[in-house]
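Sequence annotations record features per position, and here TrEMBL assigns domain 'ABC transmembrane type-1' to 29-309, 655-934. The domain 'ABC transporter' annotation in TrEMBL covers 341-580. As annotated by TrEMBL, transmembrane segment applies to 26-44, 64-84, 137-160, 166-184, 248-271, 283-306, 648-674, 686-709, 762-784, 790-809, 872-893, 905-922.
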Amino acid sequence: MPATHSPMPARAWIVRLARVCWERKTLSIIVIVASVSTILLAALTPLITRQAVNDAIAGDTTRLPLLACGLLLIALFDFIGNYVRRGYAGELSLWVQHTLRSRAFDSIQKLDGAGQDALRTGQVISRTNSDLQQVHTLLQMCPVPLAVLTYYVAGIAVMLWMSPSMTLIVICVLAALAITALRARRRVFAQTGLASDRLAHMTEHMREVLEQISVVKSCVAELRETRWLDGQSRQMVRVRIGAAISQAMPGATMLALPVIGQIVLLCYGGWSVMNGRIDLGTFVAFASFLAMLTGPTRVLASFLVIAQRTQASVERVFALIDTRSRMEDGTESVEGQIIGLDVEKMSFHYDNGNRILNEISFSIHAGETVAVVGASGSGKSTLLMLLARFYDPTSGGVWLNTTAGQQNIRDLKLTALRRRVGVVFEDAFLFAGTVAENIAYGHPQATQDDIRRAADAAGASGFINALPQGFNTRLAERGSNLSGGQRQRIALARALITAPELLILDDTTSAVDAGTEAEINTALGRYADNEHMLLVIARRRSTLQLADRIVVLDKGRVVDIGTQAELDARCPTFRSLMSGEGDFLALAPAEQRALWPTTPTVKSDDAHERQPPAGKGFVDRMTRVPERAVQMALAGHGRQVSSLLTPVAWMFVNAALLIALDSAAGVGVLVLLQRGIDSGVAAGDMSTIGICALLALCLVAIGWCCYALQTIFAARAAESVQHTVRLRSFSHLLRLSLPWHEKHIDSRLTRMTVDVDSLARFLQNGLASAATSIVTMVAIAAAMFWLDPILALTALSAVPVVMLATWIYRRLSSPAYAQARLEIGKVNSTLQEKVSGMRVVQSHGQQKQEAARLRALSDNFRATRVRAQKYLAVYFPFLTFCTEAAYAAVLLIGATRVAEGEMTPGILAAFFLLLGQFYGPVQQLSGIVDSWQQATASGKHINALLATEETENIEPSSITPGTGGALRLEALTFRYPEKTQPVLDKLSLTIPPGTVVAVVGRSGAGK
């Protein structure tokens, strides 16, 4: 899988995603209809507002209760429509996420050997997790811009009916919004695509490090790996902050444009009122419409930013789904009984062009055991892959001889071939599950007797029966709680249980003791009969005793074939191989047998490894992670996520101050509009209107600068925290003991991907928005009380109800989010395991079964999230209902007070403007709850990880150990956690300097 990202043709990703959505036609239609129909009635609100203001100015209150009831009816209809829209949109988005994940897994299950070589598990995890979460977020928001666009269109239609000339101002504002959004698109896409690729690169490397944690610890490479992650993550942070900077100015412009439109309306509308072209009610309706555009415009701006980010994610997911095997499956079944196999002039080279096998030919017949020997790199393991058809030969072929004739394996269905040809790989890959499940993996219908017979034949029954639950003992991923020899024997039993007619073994006894090997060889010696044959890749002399004939490979060629005695007599290459010490063949050429061979230092050319030079400009400074935060993470300080915020707290403070200034400027604009209406429009004073407009434009400019800067500061702070949390968590993981890693093997990568990503999404998108919403609400509430305390209490009467609804929603939905976090952890660990063990899955023909298992786990996650989504579907529409009910109350009470002379029309108009901007942030704040719930669940898991006591000090020691002394063990006792019997019991041993000591023992003896 290439690490680079190539965009699809324009809009192709939208079309493909829409097609997936359209597979659920009913859901899609309901979402579209609910989004459009719900908003149509809401567009009538300006008309009702216009009539109420005109009646109030005329002193007529008779129709005000009827108009207020009309608003309440619109609010009720809106509540029902919003409930339907949100509920079904959430269900649709989760179904699409589940479907794309399942299809991606289905695609990679069908990859051939070359495709598997190019596949990186970290890339798969990143694309089926982070990228799909981005897709889910986009689809969940899709009805909102659809509703906003419908509101624009319906509102413009109403505006045209009231005043075509003033409608032109609104259309200009909307056109400017569209142009601003489109101009920002291309650069943001390029940056987000690059950031996604780098995240996938990091995920793959972290997976490899955690998978080989014992190697990392034995080489004391913890600090090196942590610093590597630091360098990679810094580069990704620079790209992401750069994307935020690219979005900051267009985002500020999109929020400023509706306000500028209100200022232009103040000037032109005020002039029109004074000249009798429109009435004051029409002017207030237009101003209210533009004010009501601010909230939806903010949502639309967020959606467009998310859409730009999501394009890269969607294309990466579809690229995974579109991955195809270059090797075409055959169409024939194996006819009759297999009685032999012929390899005829077969050559093969990998994609790099290096020829591995060169016109090799040999045959094997039923009842025969053939061994293949050769030096390292001679092509033995490649030969195994070709016979099991993970690759196709470059030239020549492999033929199965059956009682019905001869068949080229290219013509056979892969499932049919691998059902009759069994393979045991050198790496004994076991899956998480019981011992019995692993043995019966390729034969799910096997009985307990079948399982026990296979274990007996593989020499595994003895140690299995000694396990705590025997055959029902659960194994960790890759069987990490067993010794190497025990894993090999279970893998051999897994192949023997299906009794394939051709069994191919790749050095399957390399990790067992001599006694166990003799037992296994005795059983294998009986395997080849009239219906079965055995092909063995041999690396030990004892294995050769099984062979009727031996094939000698050298540099990809067959140099001789014969019995061991014949080859001893006539084959120099074979005699060279037999010169190895002990029972092992000399598998490396003499010139390569140095114990510590020197390897040339290779200078990496990878672009990921190059650090960009540090610049001194504003953008360069803003895209850097504060060094104090990095050093804090590397030093292992901080046991809570909150403590890691300290080094970047000043950024959050700066962002908060800018948010406060931006909100104050926004409220100031509304107050100036109110003054312009009361002292300018109502009084017929055009100069006052001009002064108010000029001052308002200055405040808009201040607000534009504040929003752009706070976006940059918030992005830098959020990305710095994400970098610090990832680095601190990874560093802490590497300090934990091997028993901890073995116990939590399924959840480690989830902590570094799902949990960190959820936290980062909230910090980057949710936290700044939450702060903006809170400050804006406080500022607007203060302005309301300053203008008119009685009407302010009316406008804010829904706030306690909203707070109570939020508390109830949190209580009901929190358990569902916590459960969803556990479910996605299971999906990711299963996906990682099956991708890593894909060749084992394919060799046993379990692709469909594994796809079904993953679909079931993914569907459990989907169902849990749908349950949380149902609470969300009630909660959000209820908030909207509260907003519209407050608007109706303000219209009724405010218009009545205007009619009675207790309040000016300008104050009522200001309340209409302020009300939309107060409850807009309330809804936006409630919208962040979903992201916050996920971040909270993830934060708890990260805190639990950081709270785990470190068992190892990876800091370099300043004490230089002495050399030349003896190594002494005194009464050494050790047992694994949760095990009652010690593995080593009072072991005492002294190794004098200059001596070589061999440790021997049966498999599982504690070596």
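Here the Cβ of each residue, glycine as well, is placed from N, Cα and C on the backbone.
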Of the listed stretches 64-84, 248-271, 686-709, the one with the highest count of C-beta pairs below 8 angstroms to the transmembrane segment (872-893) is 64-84
Looking at 26-44, 166-184, 686-709, which one has the highest count of Cβ pairs under 8 angstroms to the transmembrane segment (64-84)? 26-44
Mind checking which residues of the chain, 6+ beyond the ends of the transmembrane segment (686-709), have their Cβ under 8 Å from one of its Cβ atoms? 248-249, 251-253, 255-256, 259-260, 263, 266-267, 270-271, 274, 654, 658-659, 661-662, 665-666, 668-669, 672-673, 675-676, 679-680
Using a cut-off of under 8 Å between C-beta atoms, tell me which stretch among 26-44, 137-160, 248-271, 648-674, 790-809 contacts the transmembrane segment (166-184) the most. 248-271
Comparing 137-160, 248-271, 790-809 for Cβ pairs under 8 Å with the transmembrane segment (648-674), the winner is 248-271
Other parts of the chain folded back onto the transmembrane segment (248-271), taken as Cβ under 8 Å at six or more residues beyond its ends: 165-166, 169-170, 172-173, 176-177, 180-181, 183-184, 278, 283, 286-287, 290-291, 293-294, 297-298, 300-301, 305, 666, 669, 673, 676-677, 680-681, 686, 689-690, 692-693, 696-697, 700, 703-705, 707-709, 711-712, 715, 913
Any residues 6+ beyond the ends of the transmembrane segment (790-809) with a Cβ under 8 Å from its own? 781, 784, 871-872, 874-875, 878-879, 882-883, 885-886, 889-890, 893-894, 897, 903, 907-908, 911, 914-915, 918-919, 922, 926, 929
